[in-house]
Amino acid sequence: MTHTTPLLPLAPPINLVDLRYNELHNAITAFGEPPFRAKQIHEWLFSHHANSFAAMSSLPLRLREKLAERFTLQRPEVVEVQESCESGCLRPTRKILLKLSDGALIECVLIPAEERMTACLSSQAGCPMQCTFCATGTMGLQRNLSAGEIWEQLYALNGLALQEGKTITNVVFMGMGEPLLNTDNVLEAIATMSSRNYNLSLSQRKITISTVGIVPEIERLSRSGLKTKLAVSLHSARQEVRQQLMPIAAERYPLPLLSKSLEAYSKATGEAITIVYMMLNGVNDSKEDAHLLARYCRHFSCKINLIDYNPILTIRFGSVQESQKNEFQAYLMAQKFHVTVRKSYGASVNAACGQLVTQQQRRTIK
């Protein structure tokens, strides 16, 4: 009897947009092509936004054929655009739902202001951190996004901005996922969006990476030479309260350890860190909470950003009264901290801070 080895299924071709630049460079040189072709292809992908290999007209036909044999070229599909215009808004906040090449769904948000157009980008499909006030955490982690998929969000949002005669001026990594659990791809995307070779050419100082406090990666950023800004979701200077709100982040990186990394970051970069503090009624809004927050933040250069709780489906915290928030802010300012109260945009379409969760969680998209 003859036995045959079953054929293993072939791996699906790689989407060219998902390659990091060094991976693209290696693939091109493996084809026997000169290295400058990698730069040309990268510009076709991210500056000209080519949708096919045939469109890359400056490349030799033989190279385009090799690319088509080895790779696919798939762009995200815009599934839905929702708008929210709260009282007094000049322009609507807009949220885009994108479907990626493997079917994963992510959201990104365009936030307008008088002098700025801010793109709020996701770094992961879902999130593993399980913060109790955040809708994204209910999804769990599906996967990291590639640098190309991060860039595609910026491209899509800039298209909306261009409809109003504007362009993106600022980027915040405050969408779905924890950026510092996908640091390599986030940094690769930042390198592209801040490069002079590409259309937007954003200043790195206009880009903010927001984290729950992944200490080893904060230390990595402090050594990286990046000029981006850092925001840290703190939400309580009491370890036991922070563990209730952010169980994974607080347990892995307790407040004293996080403080040391922020102090080192501030000294290494000379930059003030933004401490993000979501005020929750009866949880972290007392005078003692304000006192502990001020004491905690004395160890590093920072500004404090107070934000309102935005309701999500799974857990109902209470919002803080305006008078209570004003007292909290006044105390911190009396302690010589720069304190701002962030205005929430997009709550009516679940686009505000902590509300991003793909529509797959609310209804099925066919």
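All positions are counted from 1 along the displayed chain.
Just so it is clear, glycine is given a Cβ too, placed from its N, Cα and C backbone atoms.
SER210 is the residue from SER201, SER210, SER259, SER286 that Swiss-Prot records in the S-adenosyl-L-methionine site together with GLY177, GLU178, SER233, LEU234, HIS235, ASN310. Between the candidate binding-site residues, SER210, SER233, ASN310, the densest Cβ environment within 10 Å is the one around SER233. Contacts of CYS120 (disulfide bond) defined by a Cβ separation under 8 A and a same-chain sequence distance of 6+ are given as CYS108, VAL109, LEU110, ILE111, VAL172, MET174, GLY175, in order along the sequence. Applying an 8 A CB threshold to same-chain residues 6+ apart, the list for HIS235 (S-adenosyl-L-methionine binding site) reads PHE133, ARG242, LEU245, MET246, VAL276, TYR277, MET278, LEU280, ASN284. Of all the recorded positions in the list GLU107, GLU178, SER233, the shortest Cα-Cα distance to CYS127 ([4Fe-4S] cluster binding site) is found for GLU178. Per-residue pLDDT, averaged over the domain 'Radical SAM core' (113-342), rounds to 95.
Neighbour list (GLU178 (S-adenosyl-L-methionine binding site), Cβ cut-off 8 Å, at least 6 residues apart, same chain): SER123, GLN124, CYS127, PRO128, MET129, THR211, VAL212, ILE214.
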